[in-house]
Amino acid sequence: MVNEGAGAPRSRRGSHKVVPSSDQDGTGEVPCPSNGTVEVKHIISAKLQLKKKAEHLKADLMRQFDTQVNEFMDSLIEESASLGSSHVSTVFPLSDKEKSKLRHTRPSQGQSKQFVIRRSLLDELFEVNHIRTIYHMFIALLILFIFSTLVVDFIDEGRLVLEFDLLVYAFGQFPLVVVTWMCMFLSTLVVPYVLLSVWAGVYPTSNHRALWTVLAGSLLLLYQGLCLGFLPTYVVLKNGLPPASCFILILEQVRLIMKAHSFIRENVPRVLSLEPNKASKNSLAVPQFTQYIYFLFCIKIKSKSFCSVLGCLFYAYYIFVRLCIPQFRSISMQLFDLRAMVLCVFNSILPGVLVLFLAFFAFLHCWLNAFAEMLRFGDRMFYKDWWNSTSFANYYRTWNVVVHDWLYYYVYRDFLWMTQKRFRAAAMLVVFTVSAVVHEYVLAICFGFFYPVMFCLFMCFGMVFNFVLNDRRKGPIWNVIMWTLLFLGQGVLICLYSQEWYAQRFCPIQEPSFLDLLKPRSWTCTPQTNTAVDAH
């Protein structure tokens, strides 16, 4: 029986000369093998080709499924938003005349931002183990930073050094920061709301509407210029606050100005749409004071998110201690030249990218989600998948959705409305200018010197990349280009601002002229070691 079974395959192989195969690249036929080894190789090759085809088919099906799911979710969000807006319109109905007047006093509200309940993107991605592993890799890198710092300090000092002197210096004069912030916040809590309420109560029934409008607008501008504009800047410059304390005050200054403007901007058209002698509707035109408080601030912070922000602060501390301070302290003692600049930029890419990731995770994810949870604010889309951008135009829209939406609704669209939609390029230029000026203002006040690197990157390279690397650029290569330019830009920022920081301290000018304040000190600084002042 064994010999009979063993002979059967040989008789079958002998009766067939060729075996048809649709998987071959040649004529479609291969010679029949003369032994079992060759036949096994042929079967394995056919199986591998079949497996390769199945993998390609699986990848295509997954891409199609992902595209269909994204389209379905987008349509579902749009439908839910439209249902929500229709519900709001039924709760607060407007007459046809009021709707017509409202359309003439501001841009169409059908294009306004719709808020829907959704989680932040990283919260959803962290549920995938593969993505959460990347988060664990960053934690492991922090542990290595801490361990290397402790080891080096122990070798140099003969003991463990846990002083965190850089953090203590950066957050110096913190009580003054708290007092100044309280004055800013309380004034924002009272002045804009009172001015709007008084104006809304007088405007519909007054015979001098233009006079009341000019008076209220002038008082509002005077308040914003003095209390929100001049006060925090004066406190920072007069007392010489360190960088972190400066950032707290100046960023809160910008936030409160944006909040006050958006509050007035959204509610003034509601008052203008009211008919005369309809005083009963004035209460509906102005939000309740509790709603305004909700709009401005919530005092509680979720402990988990706060711990994440605190962890990011320590992460940034070790990045500067291990990667930035040793490098720039030695570079700043040398004469400025092209070779040192090129090496400085490329050596600054790694700390620059890490600081970028930390700023994104600490503020746009942890900090904003903490306040959203305490306020029970359902729409957590503070950012989108900016890391998948293949164009800088998409990157600008997805990096910081909160600021982008403010610029879009209150700068870009209002500019188009005032110019009858005739100058779209000019509107985009105004948006870039406002963003560049505010960014440079924050850095100049907080660092204590004027060095418009951020402004030039925004207005020159940012504008060019916005048009060259536009939304028509698709494919992985454009994502690689976007990341390469982003990394290079972070290296330029860290390098130039760090060099200027140390140059300002190693080469101080006792009585600088106006030209000295505008000219970068790092271009001409040649410090002497024995006269250099101590700088963090």
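Backbone N, Cα and C define each Cβ position, glycine as well.
So that you can see what the record holds, here are the features copied from TrEMBL:
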- His439: active site (ACT_SITE)
- 1-34: region 'Disordered' (REGION)
- 134-155: transmembrane segment (TRANSMEM)
- 175-198: transmembrane segment (TRANSMEM)
- 210-231: transmembrane segment (TRANSMEM)
- 292-320: transmembrane segment (TRANSMEM)
- 341-372: transmembrane segment (TRANSMEM)
- 392-411: transmembrane segment (TRANSMEM)
- 423-443: transmembrane segment (TRANSMEM)
- 449-468: transmembrane segment (TRANSMEM)
- 480-499: transmembrane segment (TRANSMEM)
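Between the transmembrane segment (341-372) and the transmembrane segment (480-499) there are 3 or more Cβ pairs closer than 8 Å, counting only residues 6 or more apart in sequence, so the two stretches are in contact.
Taking Cβ pairs closer than 8 Å, the transmembrane segment (449-468) reaches residues 392-393, 396, 428-429, 432-433, 435-437, 439-440, 443, 485, 489, 492-493, 496-497, 500-501, 504, 517-518, 520-521 in its own chain, all 6 or more past its ends. Other Cβ atoms within 10 Å of the Cβ of the residue listed as 'active site' number 16 in total over all chains. Long-range contacts of the transmembrane segment (392-411) within the same chain, counting only residues at least 6 positions beyond its ends with a Cβ under 8 Å from a Cβ of the stretch, are 112-113, 258, 261-262, 265, 360, 364, 368, 381-386, 427, 430-431, 434-435, 462, 465-466, 469-471, 482, 485-486.
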